[in-house]
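Beneath this line is the structure, given in C-alpha cells, with notes to follow.
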Amino acid sequence: MGSSPSKPLKSASTQQQQNAESEKRPRVSETTAAFSASSMSTPTSVNGSISLQNVTSWEADITQDPKARLARTVLSHSDIRDALVSRKATVTTTHIFNHEIDFKTGPITNQRSSGRCWLFATTNVLRYEVMKKLKLKEFQLSQSYLFFWDKLNKSNYYLELMIENADLPVDDRVINHLSGDLISDGGQWDMAVNLLETYGVVPQSVYPESFHSSSSSPLNSLLKTKLREDALILRKLTVDMKSAGLSAETAVSAARAEKEKLMKEIYTIMTAALGVPPLPNATFPWEYYDENGKFGTWSGTPLEYYKTFAAKAYPAKDSFSLINDPRNDHSQLITIDKLGNIWGGRPVLYVNTDIEIMKATVVKMVKANVPVFFGCDVGQSSERNLGLMDTTLFQYEDTFDITLGLTKAQRLEINESAMTHAMVISGVHLDANGKPIRYKVENSWGDTPGNKGYFVMTDDWFNEFVYQVVVPKSLAPKDLVAVFEGGNAKVLPPWDPMGTLA
C-alpha cells in the first residue's frame, strides 16, 4: 500500500452531503448515550433467551395498535413488497428523460438464469458503436464467448492461487474465502478488459447461447467440485516438494505442469457444456443485414473484430472505474487482494470519489452519446415488474413504525449492501438547474420487466445504492485520471464488499 494522494478541496455540495451523512451515522452511539443517561431497565429474560413473558407483553401492545392489526390482515396473504409499494413513487417516477443516447440499440438482452450481468452490460455498451457504424436494427455480441473464456481463466486463477498459497492452512480465512464462490459468473470492468484485449469478441450468431450459458448452475456446481479437488492435489504436491528440499521455483513449476493436466479436464467439461469457442486468432466469416435489409459480410478474427468495430472511439482499455465508497478517502486508488480472472492480467482498480462527481460524469457521458456501465445493489428498494429503483418505493417505516436509517458506509460495514449487479445508463432527466432527477437504465432481464426492459432510477437511489460508473479517460476529471494512472493503490482484503462481483 502507498500513501493516499492529496485530497481536493470539497465543494459546497460535497460538504453538504458529508454533513448530512454524518448526521445519520451517530444513530448507534446516540442510542447508547441515551441508555447511559437514563436508568437502565431490567430485562425480562435474564439469560438472553426469548421468554413467553416477552411474547405475551409484545402481543398485548400490538393488539391495541390499529395500524398493526391492519398490517396483519393485509400482509398475511400478500407479498409484503407488492402490498407496501408507494403509489406516489410509482406515479412521480416516470420513464421520461430529456437527455438520451442518440442511437437506440436492441433487442433488450436477457441473461436468464445466470450471473452474467457484467458481461451483458459490457457487450451492451460495446454494441452501440457496432450497430451505429453498420446501421443494424437488432444485434447482440456473444456474451457466451466472453463467458467461456472468463470461466476457463477463473478456474486457472483459482488453482494458481492455491499453488501460491499452499503453505497456508486449508482452514485459513484466505483459503476458505477463495474456495467459496471460486468461479463466480460475476465480474468487474477490469476483468472484461482482460477478456476483450486477450480474446476479442464475436457476434452472438458466431457463438450462440447454450443451455449452460443461460442456466449456469449445473455447470458451476460440477466445476467447483472438480476444482476444489484439484486444489487439494496441487496444494499437497507443492508442500511435499518443498518439504523434500526442492526450491520454491521448482515446486511451483512442477505444480503448474500438473495443473495444466487438470485444466485440460476443466476445458473438456466446458467445451462439452458450452461448445467450442472460436480461438481469438482464428478467422471466422460473419454475414448480416442492415436496417434497410442490405446484405453485408465481414471476415476476420475475434481480436480483429473487436479492434475494428468495438474499440475505436472509446477503447475499453482506456476506461476505468469511479466508485463511491464512504468508508475510504476520496481521490484514492483502491484494489482488492487476490481478485481477478486472467492470471497476470490487469488488476481490478477503482478510484474512490464523491457521489456528485460520479453523477456529473454520467451526465457528461450521456450528453456525449456514450452509454455508461455501472455497478449497483439492485436488490435494494427496487421493484422488478415496475422497473423502478426508488428509495421511497416501499412504505416499511410508516407501516411498522420503524426506522431504517443505515448510511451507505454502514450498509457496507455490516454486509447489508454490496455491488451485486451491473447495467447500462442510457438517459438522464435533468431539472432546470441541470441537476439529475432520474436515469434511464438498460437491464439484461428481458423485455418483460419495467418499460419493455428499461428501468428508471431516481437520483436519491443513485446516492445510496450506486457504487461504480465506468468512464473513458477522455471524459473523466483529469485529477481522477491522474490517481488511476499514478498507482499506489490501497489494497482491501479479498472478502471486502467492494470485491463483490456484479
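Cβ from N, Cα, C; glycine included.
For Cys117 (among others), the entry in TrEMBL reads active site. Within 10 Å of the C-beta of Cys117 (active site) there are 26 other C-beta atoms, taking all protein chains into account.
The active site annotation in TrEMBL covers His421 (among others).
Here TrEMBL flags Asn443 (among others) as active site.
Annotated compositional bias 'Polar residues' per TrEMBL: 1-20, in sequence order.
For 29-45, the entry in TrEMBL reads compositional bias 'Low complexity'.
The region 'Disordered' annotation in TrEMBL covers 1-46.
Within the same chain, residues at least six positions away from Asn443 (active site) with a Cβ under 8 Å of its Cβ are Ile108, Gly387, Met423, Pro449, Gly450, Gly453, Tyr454, Phe455. When the alpha carbons of His421 (active site) and Cys117 (active site) are compared, the span between them is 6 angstrom. The local packing around His421 (active site), expressed as other Cβ atoms within 10 Å of its Cβ over all shown chains, amounts to 23.
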